[in-house]
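Accompanying notes for the structure given below.
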Amino acid sequence: MEKQLHLNLLPSRPPMAGGFQSGGSKMKMGPGRKRDFSPLLWSQYFETMEDVEVENENGKDIFRLYCSGANGPVLLLLHGGGHSALSWAVFTAVICSRIHCRVVAMDLRAHGDTKVKNPDDLSADTMAKDIGKVVEGLYGENPPPIMIIGHSMGGAVAVHTAAANHIPSLLGLCVIDVVEGTAMDALNSMQNFLRSRPKTFKSLENAIEWSVKSGQIRNIESARVSMGGQVKKCEESSSSPGVSNSIEGVLEEEEDEEAEEESNKKRMKEDDQEIKKESIFTWRVDLSKTEKYWEGWFRGLSVLFLTCPVPKLLLLAGVDRLDKDLTIGQMQGKFQMQVLPQCGHAVHEDAPEKVADALATFMVRHKFTEFKEGYLC
């Protein structure tokens with residue numbers, strides 16, 4: 001169980017046997033109640049959607065942003081690996097009801113609806129530079145006060161962005177459920193987890209249902225708006241998953257194996273044919289191909305986080321995530337930490353109200369903003 005908790009610091013928490021996971025009150029329904037897995041529109045949670053063009057060596061990159069709010073500091077939201085800005089949808093609606101702020105949630109390179117010339121480069125350095133360029137593209141040379149908030153991979157990118165001073169007007173830093181020690185320990189298991197996920201889905205509703213029943217996202221409302229940013233419609237169902245060639249290649253290599261392998265081959269072929277016949281949605285990002293960047297996202301992250309010269313907040317799904325450097329730093333009062341129990345890895349999706357409350361209290365305490373009139377904290 002402990003291993004499973006740490007498996008998935010890049011995408012979301014891995015599925016457990018039996019489908020549902022404990023701790024998700026929103027998932028418990030009475031007998032005979034059919035849950036609604038239909039997708040929800042981004043516009044129910046964000047006010048505007050816009051694309052920002054930035055110049056790069058290879059040409060122009062276009063980053064998709066979702067925004068809300070008219071005044072106050074900017075909350076720049078960075079999602080986790082394989083997710084998109086839409087993972088912040090429900091949180092955005094909640095935080096904007098709590099404090100005076102502006103929200104900018106962006107699709108990182110190769111994710112969501114962002115289009116870049118070199119989508120294969122997911123290095124921490126490149127993604128951190130992207131953040132700086134997007135901020136400059138939005139606000140010019142005099143950006144407003146910005147609080148950068150990142151989940152998992154996005155948390156690592158937020159730390160690298162802050163440490164490299166890509167945002168001159170940085171107010172503070174919030175990292176959600178990513179710690180160097182447990183992330184590094186989890187990397188060896190990541191490929192196995194990614195292989196365990198469905199490669200395709202019959203519909204977007206099917207993908208949403210899987211995300212909830214597997215425990216990847218425990219909040220059904222958030223799943224209904226955010227899964228559209230994780231999966232895409234296949235151009236052609238027969239070629240969409242890219243599974244066909246890989247499976248046939250495996251079969252050719254294993255022709256001389258024992259009889260048990262023969263039955264496995266037959267089953268794999270049948271599965272492949274079923275995929276070709278039915279599947280029309282697949283993952284937008286093939287996370288297995290990003291492996292060469294994983295270590296660069298997380299190695300040295302704790303020290304980098306501690307050296308960022310702004311107020312810092314660390315939100316965790318479990319206290320067991322702390323590594324040695326962070327434990328010492330927390331004892332020395334170098335950052336504020338809050339544990340939000342009964343959450344999966346996608347803390348901001350599972351418990352958007354709790355995350356919004358923690359962040360609002362942190363920002364008001366540091367006088368970054370004020371609570372909205374009528375809101376009782």
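From the backbone N, Cα and C atoms, a Cβ is placed for every residue, glycine too.
Source: prediction; values computed, not measured.
So that you can see what the record holds, here are the features copied from TrEMBL:
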- 11-31: region 'Disordered' (REGION)
- S152: active site (ACT_SITE)
- D177: active site (ACT_SITE)
- 231-271: region 'Disordered' (REGION)
- 237-246: compositional bias 'Low complexity' (COMPBIAS)
- 250-261: compositional bias 'Acidic residues' (COMPBIAS)
- H345: active site (ACT_SITE)
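Shown here: features listed in TrEMBL, placed on the structure.
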residue : record      : Cβ within 10 Å
S152    : active site : 30
D177    : active site : 26
H345    : active site : 28
| For H345 (active site) and S152 (active site), what Cα-Cα distance in Å is obtained after rounding to a whole number? | 8
| field | D177 (active site) to S152 (active site) - Cα separation in whole Å | value | 6
